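Asks: Below are the structure tokens for one structure; questions will follow.
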Amino acid sequence: MVGLKPSEVPPTMAVKFLGAGTAACFADLLTFPLDTAKVRLQIQGESQAARSAQYRGVLGTILTMVRTEGPRSPYKGLVAGLQRQMSFASVRIGLYDSVKQFYTPKGSDHSSITTRILAGCTTGAMAVTCAQPTDVVKIRFQASVQAGPGSNRKYSGTMDAYRTIAREEGVRGLWKGTLPNITRNAIINCAEMVTYDVIKEKLLDYHLLTDNFPCHFISAFGAGFCATVVASPVDVVKTRYMNSPPGHYRSPFDCMLKMVTQEGPTAFYKGFTPSFLRLGAWNVVMFVTYEQLKRALMKVQMLRESPF
């Protein structure tokens with residue numbers, strides 16, 4: 001990332017991978033109920049099961065889930081979510097600097113906005129190819145509505161979900177919604193990484209802040225808001241398409257058309273508030289943790305390599 005002092009040793013690829021994956025998992029643990037609330041609000045009105053529970057607002061959605069499905073319901077799909085972050089965030093965040101440098105012309109002191117956007121699109125698309133099955137399983141768990149803690153569950157666990165989806169829908173079922181997911185994550189990765197990169201760079205270049213917590217916090221908050229605004233429509237389409245039974249939608253485009261005709265264009269921004277709360281909080285926790293982990297891991301590595 002930008003802003004490292006010349007005296008600091010740049011983090012290695014292994015440090016970036018491990019730091020990004022670990023930081024993303026930590027952020028997921030803290031913000032997962034917001035993500036589940038977002039999914040429930042996004043699918044509301046889509047099916048009879050979704051209509052049976054009327055959710056109002058972020059807190060209302062979480063409280064309704066706890067009351068009707070048990071206290072653990074906001075954390076449905078957490079295991080798959082953590083699996084997703086370890087494979088997804090490690091690629092899209094850990095590789096961003098390297099891909100950005102690859103696209104930057106030799107001799108250039110700074111990467112252009114176009115170069116950063118291209119790097120964000122590339123790593124976002126690469127990450128989806130690695131993590132798509134984990135995203136499908138996560139959303140299936142989050143979207144499943146139970147009558148109560150003792151009601152029947154479609155999947156007995158995360159691994160059973162992978163097996164059941166592959167058996168009932170074929171291996172392609174685990175890769176359902178890949179195209180909208182690539183689109184969504186390319187957009188969201190650009191918004192997050194480029195916005196964070198640019199804000200942090202300007203804060204440091206104009207000496208408004210040093211490379212510390214306030215700088216990371218402001219940059220991450222801006223990245224979360226920008227990502228929510230630009231990615232919400234494709235995020236809703238992705239969620240509905242992944243959660244739909246076989247044959248319900250012919251394609252992501254068909255899903256989009258049905259949403260517009262049946263619910264109006266505002267359907268694309270269903271769950272916007274929890275999306276922003278989740279992405280804003282997630283980005284702040286992830287980027288702040290990531291910056292600290294990179295430095296801590298590099299210190300450990302330098303101590304191990306030191307002859308004294």
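Each Cβ is built from the backbone N, Cα and C atoms, and glycine gets one as well.
Look at TrEMBL and you will find 11-102, 111-202, 211-296 tagged as repeat 'Solcar'.
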Asks: Restricting to the repeat 'Solcar' (111-202), report the mean pLDDT as a whole number.
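Replies: Its mean pLDDT is 87.
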Asks: Quick one: DSSP breakdown of the repeat 'Solcar' (11-102) into helix, strand and coil?
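Replies: Split by secondary structure, the repeat 'Solcar' (11-102) comes out as 74 helix, 0 strand, 18 coil.
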Asks: Mind checking how the repeat 'Solcar' (111-202) divides into helix, strand and coil residues in DSSP?
Replies: 73 helix, 0 strand, 19 coil
Asks: Could you give the number of helix, strand and coil residues in the repeat 'Solcar' (211-296) as assigned by DSSP?
Replies: 73 helix, 0 strand, 13 coil
